[in-house]
Structure formats: structure tokens, C-alpha cells
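**Q** Relevant sequence annotations retrieved from TrEMBL are reproduced here:
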| type | residues | note |
| --- | --- | --- |
| SIGNAL | 1-24 | signal peptide |
| DISULFID | Cys34-Cys49 | disulfide bond |
| DOMAIN | 63-210 | domain 'Cupin type-1' |
| BINDING | His110, His112, Glu117, His158 | Mn(2+) binding site |
| BINDING | His112, Glu117 | oxalate binding site |
Amino acid sequence: MARASALLLVVAAVIALVAGHGAAFDPNPLQDFCVADTTSNVHVNGIPCKDPATVTPDDFFFSGVDRADAGTASRRYGFTALPVQIPGLNTLGASHARVDVPPGAVFPPHIHPRASETAVVLGGAVYFGFVSSYPDNKVYAKVLRKGDVFAVPQGLVHFLYNNGTEPASLYATLSSQNPGLVLLADALFGSGLPDDLLAKAFLTDVGTAQRIGAKFRA
């Protein structure tokens, strides 16, 4: 009986200790803002803060989202992406981008391992959606038009395809300062994975895997 009571006390102490650590962890910012100091050589999990005395309104401002030609184009897939870089968003768990997709172009199946995504269509129309995880592998997708908004849960495969005749543009908001981007085809066929492994994974022959891989290694 005494041993059982002692064991219960130990368990209670461990639970209290863990609960105390949980309550002490504060994921929220500890100040009004932490404007990114991009000139700093300090390496931390994020970007160091500027001296608040040097912060200006421009640190919370970005211009050029109205321009379809302002981003970096993907030669392979045809889309153009413009990261909306606002220093004042540092540590606030958000990032933004404009994406332009001409007719016939795609933003191919990909994941953001550290973020959910919400996208609003600025113009045109796109087929946009995501795929649920295994074993369901269910597609949730719609044709979106100007003014429509679509949400993608964190870490799920998603895509967009302009299968219309007019250019399309979207504004995407992600729930992480560094959401990450994994383009599935590039990761699988452009990373140097063995061709026989890819052949087995895609239920095809080695020659087909080699021909596909060559397109990503060119």
C-alpha cells in the first residue's frame, strides 16, 4: 500500500512538472513587433530584430502586388511567383505571395510542411484543390474565379491548374514565416533517388523512370 502511494506521488509530480513546462511555453511574440534585421550576421531560429527606434512605416509595407510581371517565372511549369516580403511580419507566423498562372500552366502538386494556406483569386479562373492523406487520397477541388477563396490544410498535397483561356492570378497567405515548399515531382525525380526504386513506387519499368528523371536533371 505504501509503495502504491509513493508511486502515485511520483506520477503526480511528473504530471505537475510537465504541466508547468507547458504553461510556461509562450509561442506568441513577446513584443509588439520584431522587424527583421536582414543585415545581421547572427544566426537564430528566425531573423533578429531591428532596434525599435529605427523602425519606420516602410518596414510594414510592400508595393508591387498589382503587377503580374514582378515575380520569378518557373521555366518548367509556367507559373510566376512573387514573395511578398514584409520585414514587420518577422516572428508573426505568416507569409504571403502572388502567383500568376497563364493558360495551360500549373503550380504542380506540392506541400508546405509547416503551413496551411488560404488563396484568393485576383483574376481569371483556376482549378485549385488538395488531396487528403492516405488511405483515402480524396481530391477536394473546385474551379475558382475572381473573388473566390480556398483553404488548404497544413502539410497536404495541393495544386492549381489554369485549364482556361485567360491568365489567372492569386494571392496566397500561409500560416508560417517559413512554410517550406516541396514540389513532389522535383523531389522524387530530381533528387537522385534510384530509378529502380521509383519504378517500383510508380508501378512502371526502370526505363520509364529513367526517361522521366532525365527531364528533371536536364
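For all residues, glycine too, the Cβ spot is worked out from N, Cα and C.
It should be emphasised that the depicted structure is a prediction, and the values quoted were computed from it without experimental measurement.
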**Q** I want the residues beyond His110, His112, Glu117, His158 whose C-beta is within 8 angstroms of the mean position of the Mn(2+) site's C-beta atoms, in chain order.
**A** Ile111, Ala115, Phe130, Val152, Leu156, Val157, Leu174, Pro179, Leu181
**Q** Give the distance between the Cα atoms of His158 (Mn(2+) binding site) and Cys34 (disulfide bond), rounded to the nearest whole Å.
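**A** Here the two Cα atoms are 31 Å apart.
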**Q** Give me the long-range Cβ neighbours of Cys49 (disulfide bond): same chain, 6+ apart, Cβ under 8 Å, in sequence order.
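**A** Cys49 (disulfide bond) has long-range Cβ partners Gln31, Cys34, Val35, Ala36, Asp37, Asn90, Thr91.
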**Q** Enumerate same-chain residues with a sequence separation of six or more from His112 (Mn(2+) binding site) and a Cβ-Cβ distance below 8 A; give 'none' if the list is empty.
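**A** Counting only residues 6 or more apart in sequence, the Cβ neighbours of His112 (Mn(2+) binding site) under 8 Å are Val152, Gln154, Gly155, Leu174, Ser176, Pro179, Gly180, Leu181, Val182.
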**Q** Hey, which of the binding-site residues His110, Glu117, His158 is the loneliest by Cβ count within 10 Å?
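**A** Counting other Cβ atoms within 10 Å of each of the binding-site residues His110, Glu117, His158, the minimum falls on His110.
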**Q** Once the chains shown are all counted, how many other Cβ atoms turn up within 10 Å of the Cβ of Cys34 (disulfide bond)?
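**A** Cys34 (disulfide bond): 21 neighbouring Cβ atoms within 10 Å.
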**Q** With DSSP as the yardstick, break the domain 'Cupin type-1' (63-210) down into helix, strand and coil residue counts.
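**A** Each residue of the domain 'Cupin type-1' (63-210) counted once, the result is 21 helix, 60 strand, 67 coil.
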